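Colleague: Feature list, courtesy of Swiss-Prot:
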ACT_SITE  H306  active site, proton acceptor
BINDING   H349, E355, H385  Fe cation binding site
BINDING   Y364, H385  homogentisate binding site
Amino acid sequence: MDQTSIQASSGDAAAADQLKYMPGFGNDFETESLPGALPQGQNSPQKCNYGLYAEQLSGSPFTAPRGTNERSWLYRIRPSVRHTRRFSNASYPLWKTAPCLDEHSLPLGQLRWDPIPPPEERLNFLEGVRTITTAGDATTQVGMSAHAYVFNEDMVDDYFFNADGELLIVPQLGALRVFTEMGIMDVEPSEICLVPRGMMFKILTSGKQTAWRGYICENYGAKFTLPERGPIGANCLANPRDFKTPVAAYEDKEKPCRVHVKWCGKFYVTEIGHSPLDVVAWHGNYAPFKYDLRTFSPVGAILFDHPDPSIFSVLTAPTEDAGTANVDFVIFPPRWLVAEHTFRPPWYHRNIMSEFMGLIHGQYDAKEEGFVPGGMSLHNMMLPHGPDALAFEKAANAELKPVKLDHTMAFMFETRYPQQLTKYAAELETLQDDYLECWDGLERKFDGNPGIK
């Protein structure tokens, strides 16, 4: 028996100790909560053991190439047709979907925000999502959105699935228990989790703090996968064995519940009389996973110069243009800086890609002041960015001995599409009006005469 969860609660430490995972990225897994619940040798028996129903969940067209073909077979207490009734319109006004061209008065520019403050009212995860940027078009399955979340209440009898895209969740403050229909994941800051498109889940709080905060990348396009390593070879970066998929778990609950759906940018809700998280066994390769960012094995320059930040890519969602991502998930983890005769922080840059950044903890080496844990920044396509004046002076004059950049974890959602700012983000009280001043100290040093200045 792998794992059975009935009415899993947020504060159940014993249950947390029992959570189990299966290692690997994109594997064809199999798992059962009750012995004999998983059929052997076929997918759809005439009658399933325990009176379960067989159901397929497809994450790709049937005819997708084998390398990108994704599906899982679920064996559940009720088929999913019993998990929805007649829908009513629902409203989550701060969760926006591309294309979204909100009207606001904030002009184009480099932007940075302090953390969103804890809510004064009671909010669950769905109610706590705030969209910062959108890019592309969800109805054509292109682009992404960058969200922040802040909440303080469990989704006890509320459940959700997103038909518009997969959700990459990045906790910053407070651990989460993510209960999906295919299993349970405990996810803490410096870990991430991914919930595939269309998969039912709810999120519970874990821990004793008063608010939970983090970031979400909603990927409308091709699903996240591991980037190619090229000349790096067979190892390093995010290794497949470090991705963890939950074993089967189910919630056997007969009471009024609400199922919320996001579909083409609109929200709907329906009421049912039981929990939809009723998968007792499953097998396949379309599944949620978690990943500990601290297991990322960085590579870098070991003699001189600063390499491109693409070497820090954890996951990439590709497009038809090779090497051009719908969205990349990139981190800036602890690492040694050893390059000689080199300006070691990230260099000044203008980019075809648009960059949304967040900081989970510590300091970011290009912005030691002003960019704080829980904060955000946005540098859209072709807008210049780079180290602030303080970081430049410090790095330009530092003794170039080996230095470990430690106790830090920043990340970036980077997309080929321009990221449109929402009205909420443009008017957010934590927007730093003085952000551009961080570069004011970068004065002219050129005087026409040769030599280091």
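Glycine is no exception: its Cβ is also placed from the backbone N, Cα and C atoms.
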Colleague: Between H306 (active site, proton acceptor) and E355 (Fe cation binding site), what C-alpha distance do you get in Å?
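Modeller: Here the two Cα atoms lie 19 Å apart.
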Colleague: Where H349 (Fe cation binding site) and Y364 (homogentisate binding site) are concerned, what is their Cα separation in Å, rounded?
Modeller: 16
Colleague: Quick one: Cα separation, Y364 (homogentisate binding site) versus H385 (Fe cation binding site), in Å?
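Modeller: Answer for this pair: 14 Å between alpha carbons.
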Colleague: For H349 (Fe cation binding site), list the number of other Cβ atoms lying within 10 Å of its Cβ atom.
Modeller: 14
Colleague: For Fe cation, what surrounds H349, E355, H385 with a Cβ no more than 8 Å from their Cβ centroid?
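Modeller: Apart from H349, E355, H385, the close residues are P346, R350, N351, H379, L383, P384, G386.
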Colleague: Per 10 Å Cβ neighbour count, which of the recorded positions H306, H385 ranks highest?
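Modeller: It comes out as H385.
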Colleague: Using a Cβ cut-off under 8 Å and a sequence separation of 6 or more, which residues in the same chain sit near E355 (Fe cation binding site)?
Modeller: S377, L378, H379, N380, H385, M412, F413, E414
